[in-house]
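K.L.:
Taken from Swiss-Prot, the feature topological domain 'Cytoplasmic' covers 1-30, 89-94, 141-152, 206-261, 323-329, 373-398, 443-448. According to Swiss-Prot, the feature transmembrane segment maps to 31-51, 68-88, 95-115, 120-140, 153-173, 185-205, 262-282, 302-322, 330-350, 352-372, 399-419, 422-442. What Swiss-Prot lists as topological domain 'Periplasmic' is 52-67, 116-119, 174-184, 283-301.
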Amino acid sequence: MNSPSLPAVERLDVQAFINAQPLSPYQWRIVLLCFLIVFLDGLDTAAMGFIAPALTQDWGIDRASLGPVMSAALIGMVFGALGSGPLADRYGRKLVLVAAVFLFGLFSLASAYSTNVEQLLALRFLTGLGLGAAMPNATTLLSEYTPERLKSLLVTSMFCGFNLGMACGGFVSAKLIPLFGWHSLLLLGGLLPLVLAVVLLFRLPESARYLVVRNRGSERVRQVLAPIAPAQVALARSFHVPEQQTVQARNVFAVIFSGTYSAGTLLLWLTYFMGLVIVYLLTSWLPTLMRDSGASLEQAAFIGALFQFGGVLSAVAVGWAMDRFNPHKVIGLFYLLAGVFAWCVGQSLGQVTLLATLVLLAGMCINGAQSAMPSLAARFYPTQGRATGVSWMLGIGRFGAILGAWIGATLLGLGWNFEQVLTALVLPAALATAAVLLKGLVSHADAG
């Protein structure tokens, strides 16, 4: 390389460097590993909803008894998400990710050997700690290795792994549970993450942006960036992230609640919270609602899986649209359509083909919107507080998941029918739509 180019790389801007390069095989490996993390997160998260009919029959308990168990993992996810963000901003994304995947694999495996509700409740809570920590940190790490032009597309594509994992849980459970019992799905959801944790330990790099911001040394930064463009990285004497000069705060919480970010933070929380009310009410109780309405166990599992599979189909499209149009309006449209299709699902009981189609469309809209939210959050926050900002949105949102699962159990206990439960979902869909559109108006987020 000619000497006149040397000054331009003596102090290399990490994000500008990533933006200027084509996506390398090294970055594709990071995409794949983060996708697998989120896929297994989704598989394990949905497991209780799919094993619930067989579990209640096997243990001779009523479905209301599983309400606390359904919520236990979600409560664990709250603590896992809220605690992992600050840890990742302090100690690194990779360390927290490997520990999280190992944790949810270990306790999912242990859950398969539960003999009563109390044991299962405790083990699902512990599983939830790992599940809650994994997703936000996978989002953060991937976003810090992607160019701005592809950030939303790649992060939402990664997030479709969550929906694909949930969908695969339904398809696999429809085959495994009749043959091997409810334990088999939990065993599968435990063994696979343990294998992945070992792979992550050796093949997943630490975030270069994190290493720069935490002053971990130029050689470490050079080591993790070199596979992208070795010659250019070799010429850099030091590395920097420009936002370091513009965001000053004593701790990560001061960053996400500073005047620049406070309103956007609260609106992100509200949006994601309302979206998860819808997702987890349907994830936890749609198979049971179908069974109560006369569907077979296999039909209930299949239609429940279609809801998750819809998110796989839409996630890439949402990410593509966010990189080209106003991301807040794109996400708002999907939340709005989710409410419309949820209402339509409630009017379609007894028409199996129409019902399955509408469930798929509802899943495309709500899961597509939810998949896009971590990308929106990752683009909104600076490096110093990115893991905390993303993980706290996901953590606070989990209260919506808990509420959704609880509302489903409560409404069924009150005797609400299929149509009434689905119609009620119009309200959280409307609130999510309003909140994300308002964030686009009042915050300093990148509007596309």
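Every residue gets a Cβ built from N, Cα and C, even glycine.
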K.L.:
Taking residues 6+ outside the transmembrane segment (422-442), which of them lie with a CB under 8 Å of any CB in it?
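P.N.:
Same-chain contacts beyond the flanks: 263-264, 267-268, 270-271, 274-275, 277-278, 281-282, 326-329, 331-332, 335-336, 338-339, 342-343, 345-346, 366, 369, 376, 400, 407, 411, 416.
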K.L.:
Are there three or more C-beta pairs under 8 angstroms joining the transmembrane segment (262-282) and the transmembrane segment (352-372), sequence spacing 6 or more?
P.N.:
yes
K.L.:
With DSSP helix as H/G/I and strand as E/B, how many residues of the topological domain 'Periplasmic' (116-119) fall in helix, strand and coil?
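P.N.:
Residue counts in helix, strand and coil order: 3 helix, 0 strand, 1 coil.
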K.L.:
Out of 31-51, 153-173, 262-282, 302-322, 330-350, which stretch touches the transmembrane segment (120-140) the most, going by CB pairs under 8 Å?
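P.N.:
So the stretch in question is 31-51.
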K.L.:
With DSSP, how much of the topological domain 'Cytoplasmic' (206-261) is helix, how much strand and how much coil, in residues?
P.N.:
29 helix, 3 strand, 24 coil
K.L.:
Count up the helix, strand and coil residues in the topological domain 'Cytoplasmic' (323-329) according to DSSP, in that order.
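P.N.:
Split into helix, strand and coil, the topological domain 'Cytoplasmic' (323-329) gives 3 helix, 0 strand, 4 coil.
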K.L.:
So, by DSSP, how many helix, strand and coil residues make up the topological domain 'Cytoplasmic' (89-94)?
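P.N.:
Residue counts in helix, strand and coil order: 5 helix, 0 strand, 1 coil.
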K.L.:
Give the mean pLDDT for the topological domain 'Cytoplasmic' (1-30) on the 0 to 100 scale.
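P.N.:
On average, pLDDT over the topological domain 'Cytoplasmic' (1-30) sits at 75.
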K.L.:
Do the transmembrane segment (95-115) and the transmembrane segment (185-205) share at least 3 Cβ pairs under 8 Å, sequence separation 6 or more?
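P.N.:
They do touch: at least three Cβ pairs between the two stretches lie under 8 Å.
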K.L.:
What residues elsewhere in the chain lie close to the topological domain 'Periplasmic' (174-184), defined as a C-beta under 8 angstroms and at least 6 residues from its ends?
P.N.:
50-51, 54-55, 58, 112-113, 297-298, 301-302, 305
K.L.:
Using DSSP, how many residues in the topological domain 'Periplasmic' (174-184) fall into helix, strand and coil?
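P.N.:
Residue counts for the topological domain 'Periplasmic' (174-184) by secondary structure: 9 helix, 0 strand, 2 coil.
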